[in-house]
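Participant: Take a look at what TrEMBL says about it:
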- 48-66: compositional bias 'Basic and acidic residues' (COMPBIAS)
- 69-79: compositional bias 'Low complexity' (COMPBIAS)
- 185-198: compositional bias 'Basic and acidic residues' (COMPBIAS)
- 282-359: domain 'Transcobalamin-like C-terminal' (DOMAIN)
- 48-84: region 'Disordered' (REGION)
- 176-231: region 'Disordered' (REGION)
- 12-29: transmembrane segment (TRANSMEM)
Amino acid sequence: MKAFNNLTKKQKILGLVVLGLLFIITLFYNSDFLRPADRQADAEKVSQLQKKENEDLQKLTGKEPGKISGFSISSSQDSATPGSQVQFVGEFQGEGDYDRSIAWAIVSPHGGKTQIDSQGLLTLDLEERESQLTIEASVDKGAFKDQKVIQVQGIPPLANKPASQAKNKAELKAIAQTQQAQVTPEEKAKRDQEDKKAKQAAILATSKGKKDQYQTAPTPAGKPKPVEPGSVAKEDKLETCTLSIQCKTILDNMDRFDLDKIDVLPTNGIILPETSVEFHPGESVFDILDRETKARKIHMESNFTPAYNSAYIMGINNLYEFDCGELSGWMYKVNGWFPNYGCSRYEVKAGDKIEWLYTCDLGRDVGDNSMAK
């Protein structure tokens, strides 16, 4: 340090510059991008040293790399009820020190809130409706797996299970068969007779009062009046409305449903969800239904009834009138109102909401009481 102080200012500056250059050269020389081969060689040496250290440590501690030779699971109980819990545990066979972590899963259909946690604790949904649950556990990255089935008890019988909760067509059919088996032939005959009387009374009630030439009563105030087919020219421009088709009421009346039609009944009761469709001003509700069902390959059958100057919808998706009792059939609703005239006479306007609904009770079960006074 004393020798440095004896240097002149110029010598000091020159010395610092030389030192700086040496530092920079050393830094670049040791940089990874200048010595990729050396860096790779060093990495390999480090890996070999680490491997050697691990081997030395294993010899020192007496622990060899673990190996699982077998795995199985057991549970605190073999059955459970909705809302209860079951504890599962894993049992290992093997030698040495190995990973004991377990991946748990429910691999069978189950309720939305039924779950199993990372510790193997199964919690059943209060609304669980599956009769059994299959639990699977895997270890060693899936090399070993085991399953166990838990029986679920206390589930309401199919007769009390809503058809809308059916998981598939097979269960839907089982629910219908169970519910229909509870109705005696005498009860069915009596019910059918009462339905026929109710239908005759409704027809008689609606036949009274002032009617137009097509047997239509005066349209309620504020509601669209009927437009006769062919009396309005269709425009070239396009507008949009929405169309939906559903038969959810059948799911509430499976004891009346024709089981031969079970394959065409949607388990959720929806044939066509609410869908935006295009139309030409001047078209009717029937025009739109006819075109859209054909475009989507949905079965629809109708016939034109001159007495009402309108098409009558007999069946959609192969579900016909009377398939679910004497009072069943198709109805349509526009913007929340059930028109009192045929679908060929309702002129659609932009933004209209058209709904086709299957009724099992002359409209009362879908919100129309005009036929059930």
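For all residues, glycine too, the Cβ spot is worked out from N, Cα and C.
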Participant: Report, as numbers and ranges, every residue of the chain located at least six residues beyond the compositional bias 'Low complexity' (69-79) whose Cβ falls under 8 Å of a Cβ in that stretch; write 'none' if there are none.
Facilitator: 86-95, 120, 122, 135, 137, 139-140, 144-148, 150-153
Participant: Kindly state the mean pLDDT of the domain 'Transcobalamin-like C-terminal' (282-359) in the predicted structure.
Facilitator: 97
